[in-house]
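The structure under discussion appears below in the form of structure tokens.
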């Protein structure tokens, strides 16, 4: 007789996970395992970048630092920096009102510099024919007294004369040199002659690549910081073995110090109000540092260092495990785009904890779960390699630093913002589509592995067992634990059990045939009896109708 308890089932792992992922076909699919690839957290601090401290300018601007605003004395000499931090509206900018020519270009230059060495190129004491210490202003106070920018000299007439200046500096250093100078624009003609004696003045500056001639613009202006005059500052990069030549008969703000560019590298000027956090990171944003190996983040579009790519997404989760459908859940699930093919199995097994796919058997010796280690390990390796490949491809060093534009370049700035927004939209779309597609493929990959395991068992057992349609096989022979193990490891001996299985199949077939014969006899008897009863009823009705005249009966011979 058939031993119905001898069964083997193919199934998959389930657990108590509530992790959910999205696919092309479905949203919020619960899976056994998942990996978040979107970093959403930061520490809210400014940190060292790979062990190098940032240059945090506090209340000073880049212009205030480079020119030497008296309120920025703490930055007279600064060590190597990894990046520069400037507040959105620093208080200590150009203390004497005016402009810094090509300021945005200078900031762009600084984004590729990691260290300056300040050197004296024209000593203040060398201006014997001009007043080099009288050029101060109440707009630039220091310790309650009028002062001026530390790194340039405002030259004033001496003894009612302002002799024409002709000075040169030859860059004998091996490094490029950042040189700054300026011009003073008086409020009126009286101020012009009061300071410089000469009513008509000029400043000429020349290098191998620069040819500049400046004249003061005398005009009545509103007061800023108590000053109606204005100052305009300029800069150039002086190459090694090149010379810079100055000529002027008034209004000249001469360089005293210049900056030797001793180290170039990746840097940035970051706008942030944060304080230094005495920490280290590989990726810094204006919102805080990110320490993550994830390929994407949604913290801030501007970054410096080895950073994930910024996307506008709120959620990017990769499926690494299977659909989490414990066996107690009987409702039907939708299947995937690529033909998810393990739908014949009603649910996963929470009792199988040592693998993704495996078996459950039951026989006279008992029952139990066993994972298929080989298929599980291959699947783990495949999914892990895929996830790592995605992360490696996306997690390359990526910097996005802000660009600054002056008031005349607003249209360019707007166009630049639109282009950057467009790039971010494309990155976001690509990242989200990548996750949806890979999640679909991963879940279908798991379904395919379950189906392959099922087919492996089916091809071994052939007609020695019956497919029950729910992922299980019912043996036509007794299958002890040794037999069950042979099915699992692929060494099942079909001929050994085929005779016993054949006899049990025939016994089952005989029972079915005997039952079918009995049903046929009963059916024939029932049909004949019903027909005979109907004939008798019709004959009786006819005789009754003939006897009372309702029906005429004629017999013709």
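Residue numbering: from 1, along the chain as shown.
Cβ atoms are placed via backbone N, Cα and C, with glycine included.
Per Swiss-Prot, the feature topological domain 'Extracellular' maps to 1-520; the stated evidence is sequence analysis.
The annotation N-linked glycosylation site is assigned in Swiss-Prot to 15 (among others) on the grounds of sequence analysis. According to DSSP, residue 15 (N-linked glycosylation site) is assigned to coil rather than to any helix or strand.
Positions annotated as N-linked glycosylation site by Swiss-Prot: 16 (among others). Cβ neighbours of residue 16 (N-linked glycosylation site) (same chain, under 8 Å, six or more residues apart in sequence): 350.
For residue 28 (N-linked glycosylation site), the Cβ neighbour count at a 10 Å cut-off comes to 8, with all displayed protein chains included. In the three-state DSSP scheme, residue 28 (N-linked glycosylation site) falls into the coil class. Residues or ranges marked as N-linked glycosylation site in Swiss-Prot (evidence: sequence analysis): 28 (among others).
Secondary structure at residue 47 (disulfide bond), taken from DSSP and collapsed to helix, strand or coil, is strand. On its own chain, residue 47 (disulfide bond) has 54, 276, 277, 279, 280, 281, 284, 289 as residues at least 6 apart in sequence with a Cβ closer than 8 Å to its own Cβ. The annotation disulfide bond is assigned in Swiss-Prot to 47-279 (among others).
Secondary structure at residue 60 (disulfide bond), taken from DSSP and collapsed to helix, strand or coil, is strand. Annotated disulfide bond per Swiss-Prot: 60-72 (among others), in sequence order, evidence recorded as sequence analysis.
Sequence annotations record features per position, and here Swiss-Prot assigns disulfide bond to 95-140 (among others) based on sequence analysis. The Cβ neighbour count for residue 95 (disulfide bond), using a 10 Å radius over every protein chain in view, is 26.
Per Swiss-Prot, the feature N-linked glycosylation site maps to 159 (among others); the stated evidence is sequence analysis. Proximity of residue 159 (N-linked glycosylation site) to non-local residues of its own chain (separation of 6 or more, Cβ distance below 8 Å) is seen for none.
Here Swiss-Prot flags 170 (among others) as N-linked glycosylation site. Taking the Cβ of residue 170 (N-linked glycosylation site) as centre and 10 Å as the limit, one finds 13 other Cβ atoms among all the protein chains shown. Look at residue 170 (N-linked glycosylation site): DSSP puts it in a strand.
The annotation disulfide bond is assigned in Swiss-Prot to 283-307 (among others) on the grounds of sequence analysis. Neighbours of residue 283 (disulfide bond), defined as other CB atoms within 10 A of its CB across all chains, total 23. Under the three-state DSSP scheme, residue 283 (disulfide bond) falls in the strand class.
The Cβ neighbour count for residue 291 (N-linked glycosylation site), using a 10 Å radius over every protein chain in view, is 14. What Swiss-Prot lists as N-linked glycosylation site is 291 (among others).
Under 8 Å, Cβ to Cβ, and six or more positions away along its own chain, residue 483 (disulfide bond) finds 492, 497. Reduced to three states, the DSSP call for residue 483 (disulfide bond) is helix. Per Swiss-Prot, disulfide bond is recorded for 479-483 (among others).
Positions annotated as N-linked glycosylation site by Swiss-Prot, on the basis of sequence analysis: 489 (among others). Residue 489 (N-linked glycosylation site) falls within a helical segment according to DSSP. All chains included, 10 other C-beta atoms sit within 10 angstroms of the C-beta of residue 489 (N-linked glycosylation site).
Residues or ranges marked as transmembrane segment by Swiss-Prot: 521-541.
Residues or ranges marked as topological domain 'Cytoplasmic' in Swiss-Prot (evidence: sequence analysis): 542-557.
Per Swiss-Prot, the feature S-palmitoyl cysteine maps to 546 (among others).
By neighbour count, meaning other C-beta atoms within 10 Å, the densest spot among the disulfide-bonded residues 72, 140, 479 is 479. In the shown protein chains, 18 other C-beta atoms lie within 10 A of the C-beta of residue 15 (N-linked glycosylation site). Residue pair residue 291 (N-linked glycosylation site) / residue 72 (disulfide bond) shows a Cα separation of 32 Å. Take the disulfide-bonded residues 60, 279, 307: by the count of other Cβ atoms within 10 Å of each Cβ, the lowest one is 279. Annotated pair residue 479 (disulfide bond) and residue 489 (N-linked glycosylation site), C-alpha to C-alpha distance, rounded: 14 Å.
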